[in-house]
Structure formats: structure tokens, C-alpha cells
Amino acid sequence: MTTRVIYPGTFDPITNGHLDLIERAAAMFDTVIVGVAYNPTKKPLFDLNERVALAQSVTQHLPNVEIVGFSGLLVNFAKEHNANVLVRGLRAVSDFEYEFQLANMNRRLMPELETVFLTPAEENSFISSTIVKEVALHKGDVSQFVPNQISQALNKKLFA
């Protein structure tokens, strides 16, 4: 039996923390589908197509990783892709309560959907897309927090 998992997120932009979790999930599971979410309540810096392309550009070395944009309920996306496991990252205890609520709601909506939590490598535990964008907006160097092509895309988007 092959295990298809979904690692969902906005990825605006994808960071070293995200990439760390994707690489680790790819080592544990047969197929990892990175679900790049369109959420109408969020105002991302990069549009959905840009976020998908950026995620693809930094995961090319992982043959069992697919990048797919989606909107709507995550459980419907999981069903469409025959996935029965969600991978979520927990940076700190403060993430746990919200993630626990989401996991229980997803389980209620799709009982066969399991959620697996991964903690980031210590050097990535404080990185968030929001903080990276804030640093980049103020012309700070984000190269230690995101892959090179993401740093370039941020600079182009913010200052071109």
C-alpha cells in the first residue's frame, strides 16, 4: 500500500522551515502532495500561480513530491488526491492548540484522514512566512531563512 500525504499551506513564500518538513515527509512517505492553498480571506504577496511555481522551483530534487494549488475544503482536496494523511508542522506550543482543533475538525469531516505533526529542525523553529516578508520589506537579508530563488523573488516583488 502506498501512502499519499498532503502538506497544506499558503506558502507565501515557502521558507527553509517548509522545505525541511517537505524533505523529511518525502523521506517517510511514498508521495507528498504540497497543497498550495488559495484562501480568499488572506491577502498573499504572491498569487497562487506564483506560489505554486516557487514551491516547484525549490522541490525539483524530490521526485516523490507534487505541488498542487487548491481552494476549498482541505478534506475535499485530500479525497480528490486519494490521500489519507495530512502533514502539519508545529513550530512551538502556541501552534498546537490551533492545529489540534483543525485536526479534529478534519477528522470529523473525513474520519479516515489522519494528521501527523512534525517539528522543525531547531534552526528553522522561529521562521514564518510573515516574519520573512516583514524582514524583506525592510530590506533585511532573508537568505538564511529561504532558498535563494525565493529571496530573489521577494526582492523582485517588493522592489521592482
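Backbone N, Cα and C define each Cβ position, glycine as well.
Note that the coordinates shown come from a computational prediction; the quantities given were computed from them, not determined experimentally.
With a cut-off of 8 Å between CB atoms and residues at least 6 apart in sequence, the same chain places THR10, ASP12 near LYS42 (substrate binding site), listed in sequence order. Summarising the annotation, Swiss-Prot assigns substrate binding site to THR10, LYS42, LEU74, ARG88.
According to DSSP, GLU99 (ATP binding site) sits within a helical segment. Here Swiss-Prot flags THR10, PHE11, HIS18, GLY89, LEU90, ARG91, GLU99, ASN124, SER125, PHE126, ILE127, SER128, SER129, THR130 as ATP binding site.
Sequence annotations record features per position, and here Swiss-Prot assigns site 'Transition state stabilizer' to HIS18. Using a 10 Å radius centred on the Cβ of HIS18 (ATP binding site) and all shown protein chains, the other Cβ atoms total 26.
Around the Cβ of SER125 (ATP binding site), the same chain contributes GLY17, ARG91, ALA92, THR119, each under 8 angstroms and 6 or more positions distant in sequence.
Between the alpha carbons (Cα) of ILE127 (ATP binding site) and ARG88 (substrate binding site) lies a span of roughly 15 Å.
Of the listed binding-site residues, namely LEU74, LEU90, ILE127, the sparsest Cβ surroundings within 10 Å are found at LEU90.
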